[in-house]
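J.: Questions regarding the structure given below will be posed in turn.
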Amino acid sequence: MNQEIMNLFNPTTPAQVFDQIRISIASPEKILSWSYGEIKKPETINYRTFKPERDGLFCARIFGPIKDYECLCGKYKRMKYKGIICEKCSVEVTLSRVRRERMGHIELAAPVAHIWFLKSLPSRIGLLLDMTLKDLERILYFEYYVVLEPGLTALKDRQLLSEEEYLRAQDEYGQDSFTAMIGAEAIRELLKGLELEKLETHLRAEMQETDSDIKHKKLAKRLKIVEAFRFSGNKPEWMIMTVVPVIPPDLRPLVPLDGGRFATSDLNDLYRRVINRNNRLKRLMELRAPDIIIRNEKRMLQEAVDALFDNGRRGRVITGANKRPLKSLADMLKGKQGRFRQNLLGKRVDYSGRSVIVVGPELRLHQCGLPKKMALELFKPFIYSRLDAKGLSTTVKQAKKLVEKERPEVWDILDEVIREHPVLLNRAPTLHRLGIQAFEPVLIEGKAIQLHPLVCSAFNADFDGDQMAVHVPLSLEAQLEARVLMMSTNNILHPANGLPIIVPSQDIVLGLYYLSILREGLPGEGKLYGEMAEIEHALHSKVIHLHTKIKYRCEGMDEEGKPVTKWYETTAGRAMLGQVLPKHPRVPFDTINKLMTKKEISGVIDQVYRHCGQKETVIFCDRIMALGFYNAFKAGISFGKDDMVVPSSKWKIVEDTRTLAKEFEQQYNDGLITHGEKYNKVVDAWSKCTKKISEDMMTEISAVKKNPKGGEAQINSIFMMSNSGARGSQDQMRQLAGMRGLMAKPSGEIIETPIISNFKEGLSVLEYFNSTHGARKGLADTALKTANSGYLTRRLVDVAQDCIITADDCGTKLGIKMRAIIDAGTVVASLASRILGRTAGEDLREPSTNRIVVKRGTLMEESHVDALQQAGIQEVKIRSALTCELVNGICGKCYGRDLARGTPVNHGEAVGVIAAQSIGEPGTQLTMRTFHIGGAAQINEQSFIESNFDGKIVIKNKAIAKNSENLSVAMVRNMVVAVVDADGTERATHRIQYGARMRVDEGDMVKRGQRIAEWDPYTRPVLTEVEGIIGFEDLVEGQSISETLDESTGIAKRVVIDWRSTRGGADLRPAIVIKGKDGKVQKLARGGDARYMLSVDAILSVDVGSVVKSGDILARISTESAKTRDITGGLPRVAELFEARKPKDAAIIAEIAGTIRFGRDYKNKRRISIEPMDKEEETREYLIPKGKHIHLQDGDIVEKGDFIVEGNPAPHDILAIKGIEELAAYLVNEIQEVYRLQGVLINDKHIEVIVRQMLQKVEITDQGETDMISGEQIDKIEFDQINAKAKEEGKKIATGTPVLLGITKASLQTRSFFSAASFQETTRVLTEAAVNGKVDPLEGLKENVIVGRLIPAGTGASMSKIREVAIKRDKMILDEREKQAAAIVPTAPEAEPLALPTPE
């Protein structure tokens, strides 16, 4: 009978409707209630009849029939016997589908421990009983007895006894004087005997008493698990199993293969092993076998059950016939191939096809070419239904035949079906949401899918053999979403940065660039044209050239929309470009009246989108694409050998550099400079040489040449390609026609000898060999990068997946301050770019007049940002995802503008996932390597500060001394020079290096480009603050100082050596002191002695007895040694920041403001303490390894947050010392830094969303009168709720500090255990969730995908909203009805009993 008809008669039970899912430990009673019968035999199916054995693992009596509505012996067949149990074979006649749902069980002859609660660390059983895992295993695996009741004997409670000790104790005290047991029974008794309430009171009391930190932590852990058992309704003894559930047979199938063999699921083997051992144990017990045999059997049973639940967690892995480990129940869930990730989160879909893509330049932006053959297959059901509706076929079979024969009417119907039915195109890897877009299919001949050229950058596709997949949205809702949300015309802007992503590239750019070139001196220059037709005529008759400078009268629009005409100096090409520009007052002809490079074109598209809207933009893009292709073809730009111009000055520059390098070599041989310095200088010289040659080559290539008639000649083709942004970069041109330059070794160091040849001249054998290192490393890196970047994206998505816009405004007053990011004097990210599309967190006032420019709560558009710039506002407080106060999700105001649409963000937008994709997608472009900074990278070491603005100098924390050479020297580390304009607005601030020579003073006027200060970038000085005579302390020749004589100059150089490693030098403390005329040590202004400690490798600049003035250099520390440190860059750096790892050589940060004091050294560490200014705080102490250079002196004053030892700060320290805002600013800037280096633009808000997710937890510092445990980490939301409740009841509230978690850790600690379990460490997450009886409220995206519902984002969010409203209304209506019913029913009088007729 047909399946559909059966389903009519058998309406399936409606799917359960649920709002949340709870997980807990199953009690034996629960397992029995699930079970349909006990499995007694290990047999599976009979190998001859293929029928399941009775009471075996596939028993039909327990699990249900094998065929629909047919018992095993065949007595009852068909539907009419539904529900009957056959008396012969005892099988219920029903659907065979029940074999996927019905469970069985195995009654164990002896209890066994559940391995997850035993071995999944921390061991839950161990924590509850306060026993070590080792002891537990000894008891469980029958090595030791445990005393349960010591009675009146000298034994202790829970004491372990070996076999001998046990027998001896029995002899000594008598058999019944104490109780001791062994195995899982013993543990079960112990767990049963726990009184959780008493235990909890006892633990809390103990925690109050203890002072030891470690003990407190241990007690807190126990307390937590005791509470978990108390409140979750789980009983501790359930962790020991007496019944094992057996999963339904169709979930562990056994399939006969041809040749009489069977393919089976590993679970069957594991179950068989359990049943065999269990049956053997039962038999041995009946036979009253010796204890030792029974014990061995019990141990084997425990091992069999362990292997079934989690093979390999304890002891040897149990393997199958072919030495392959068997897949246990836990393995079914874990990892990429497990249930969660393979089947629940990612499924394969039908109605899909894939093919190679080719370019479709004649398509419109919303179209794609779909091969007819493919369309016919994909839309088959639709075609069948249309054929049926038109009466061309009566049955599906007939329709099938028609389609197979490809009759003409089938093609007509296909056209009908496809019309306005969008399809989804996807290119793997789908790194961000633009990797799947919807298009309207256009039927084409051939077998390749045609793709519109402008969407290639979104898909990251090219036509060198890429394949794409097509999916058909079936339901009406799906088609609607595809059209309204996913259509390629709706994805013009990039969600990561809000810039257009539908941007012309390559040939289109080249064509448009060629079209917009203006060349002087061509025939017809200066002619006047009134309209386009005249220009076209002139072009055809060769009166003018495309590039001739002409005057053109162009019609535009004014603000009211009235036409205005204006004369422009332009070219014929640009006039043609002006034809496709939409008419709008904000998009005048000037927009395109310039040389169009890729960047310019992108700007024009952005402008058109902002002012003219989406429809106009799409039409404009299609038009300029056509124009670009056409002109690229007309231009006929090609590229010959002579277009690569080798600069004439090349060999002279090379020769000069060679001489210089020889000089450095000579200096090294003479001992004037160290090897490191020589290496740095040589590499420096070659970098400069490469740069110079490259600059000369660019000037020669881009030079404007004249043709014989005096006009400008055609521009160099290669220069056009590179300059327009179509293909190639200056760097590649340098390698073609300049010199290849320096190469790196595989280790990342730079090879001293550069490659002098370029590709045009050809490389020598040695040069070629040197260049293979880098190339090979590049390929290896790329392979690793892809995997790493993918993993980063996965972690980001997982941590942010439940971040959704759930409300318009949370009403918070908080926000973060934004200012332009300035690096070494250049603006890297302007204030305008950072605040565009964000909400103002306060009224923004113009500093000079105090008038409000932007009101609080305004979403800042381009116009507002311009106004702020004109008002000269330097710092803006904006709302941010970090400070949003919503309980679930983020509010629209704190998020700001939806970057992909340019409008305020919608409800239900999954901003977390968008943020994760925006950060993860460019991951593959980041580098993988850690840089060894040396030579080439050192050129960008700055040695001066220039002013970027005209203005007046203001110096904060001023401390300047005049030294012996009468130069002004900066004497403190926190001196800041600000440049102030006429209104008193700070235009720029610069932090001055310690020891820098100042070129300006307070109140000086500076011009733009004037130097403010300069310093030696290669050394760090130690300066004196007082004048006097030099004295040495503990500077002993050969112990703490070594003198080297430079032969060529005869100068002695004294360097401090590591005094701890020399004999008798352990207690030395080398220093320079400044003495007065009386021979006493001078005092500093702030009270300490003028004694300057020296660190290893310091080079002395003074002698004993010489006179110094304040500001003179006593010693200098070469930073060259500090400079070859590894700098983690690229992907590893991003991962390090998001994982909140402590960096190697972390900086030490002052936790309080105060005075530095050096204490007694401890082993090989320096002891530094800070005496607080605020007398109520306590002194903080730091131990610092002696090799590290501490640039502070005794008595220096530090601010909170100052670095005591330089380095990368650990994010946790920043959070603890400076707070959330500083931490966020640090993380955002550091991450942006990495992306900026690669030229990737990402909006700050994406990083803020991720950082918000990393700051979800609070660590309890004081529990107050709540049930929380101090030291535990708890969700912010939960923390606030508990505190609010305590406040209501008038109790003392708890206090906590925010904790920063890395993204992996944060994902594992989300409120949803489903989401965490499907991410990583499945076993641990599920064990913990079960012990706590956790409830998953199904709020995030992941959990909803897993249980197969609409996700609560996008259209799913609106659906759930509607559902909520409906439920509320239903409740109201029902309540009303009940009220009315209660009101209507009158109180009836007592009814008389009915008189029943008495039976005869």
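Positions of Cβ are set from backbone N, Cα and C atoms, glycine also.
Not my notes, these are from Swiss-Prot:
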- CYS71, CYS73, CYS86, CYS89: Zn(2+) 1 binding site (BINDING)
- ASP462, ASP464, ASP466: Mg(2+) binding site (BINDING)
- CYS810, CYS884, CYS891, CYS894: Zn(2+) 2 binding site (BINDING)
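Looking at the shown structure, what environment does each listed feature sit in?
T.: Of all the Cβ atoms in the protein chains shown, 17 others lie within 10 Å of the Cβ of CYS89 (Zn(2+) 1 binding site). According to DSSP, CYS89 (Zn(2+) 1 binding site) sits in a coil region rather than a helix or strand.
The Cβ neighbour count for ASP462 (Mg(2+) binding site), using a 10 Å radius over every protein chain in view, is 12. Under DSSP, ASP462 (Mg(2+) binding site) is assigned to coil, being neither helix nor strand in the three-state scheme.
Around the Cβ of CYS891 (Zn(2+) 2 binding site), a 10 Å sphere holds 22 further Cβ atoms from the protein chains shown.
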J.: List the other residues in this chain whose Cβ sits within 8 Å of the Cβ centroid of the Zn(2+) 2 site residues CYS810, CYS884, CYS891, CYS894, in sequence order.
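T.: Same chain, not in CYS810, CYS884, CYS891, CYS894, Cβ within 8 Å: ALA807, ASP809, THR812, ARG879, ALA881, THR883, GLU885, LEU886, ILE890, GLY892, LYS893, TYR895.
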J.: Sorry to bug you, but what's the C-alpha spacing from ASP466 (Mg(2+) binding site) to CYS73 (Zn(2+) 1 binding site), rounded to the closest Å?
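T.: Cα to Cα, CYS73 (Zn(2+) 1 binding site) and ASP466 (Mg(2+) binding site) are separated by 56 Å.
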J.: Neighbour count, 10 Å Cβ-Cβ cut-off, for CYS71 (Zn(2+) 1 binding site): what number do you get?
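T.: Its Cβ has 25 other Cβ atoms within 10 Å.
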J.: So among CYS71, CYS86, CYS89, CYS891, all listed as binding-site residues, which is physically nearest to ASP464 (Mg(2+) binding site)? Use the C-alpha atoms.
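T.: Result: the closest of the binding-site residues to ASP464 (Mg(2+) binding site) is CYS891.
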J.: So which of the binding-site residues is most packed in, judged by how many other Cβ atoms lie within 10 Å of its Cβ, out of CYS73, CYS86, CYS810, CYS884?
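T.: Top count of Cβ atoms within 10 Å goes to CYS884.
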J.: Select the closest residue to CYS894 (Zn(2+) 2 binding site) from the following binding-site residues, measuring between CA atoms: CYS71, CYS86, CYS89, ASP462, ASP466.
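T.: Of all the candidates listed, ASP462 is nearest in space.
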J.: Any idea which of the binding-site residues ASP464, ASP466 has the thinnest Cβ neighbourhood at 10 Å?
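T.: The binding-site residues ASP464, ASP466 were compared, and ASP464 has the fewest Cβ atoms within 10 Å.
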J.: Under DSSP, is CYS891 (Zn(2+) 2 binding site) helix, strand or coil?
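T.: Strand, per DSSP.
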J.: Using Cα coordinates, what distance in whole Å links CYS891 (Zn(2+) 2 binding site) and ASP466 (Mg(2+) binding site)?
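T.: Here the two Cα atoms lie 40 Å apart.
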J.: Fill in the CA-CA distance, ASP466 (Mg(2+) binding site) to CYS86 (Zn(2+) 1 binding site), as an integer in Å.
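T.: That separation, Cα to Cα, works out to 60 Å.
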J.: Among the binding-site residues listed here (CYS71, CYS86, CYS89), which has the Cα closest to the Cα of CYS810 (Zn(2+) 2 binding site)?
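T.: Of the binding-site residues CYS71, CYS86, CYS89, CYS71 has its Cα closest to that of CYS810 (Zn(2+) 2 binding site).
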J.: Would you kindly give the Cα-Cα distance separating ASP462 (Mg(2+) binding site) and CYS86 (Zn(2+) 1 binding site), rounded to the nearest Å?
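T.: About 65 Å separates the two Cα atoms.
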J.: Please list, in sequence order, every residue of the chain apart from CYS71, CYS73, CYS86, CYS89 whose Cβ lies within 8 Å of the Cβ centroid of the Zn(2+) 1 site.
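T.: Apart from the listed residues, the neighbours are LEU72, GLY74, LYS75, TYR76, GLU87, LYS88, SER90, VAL91.
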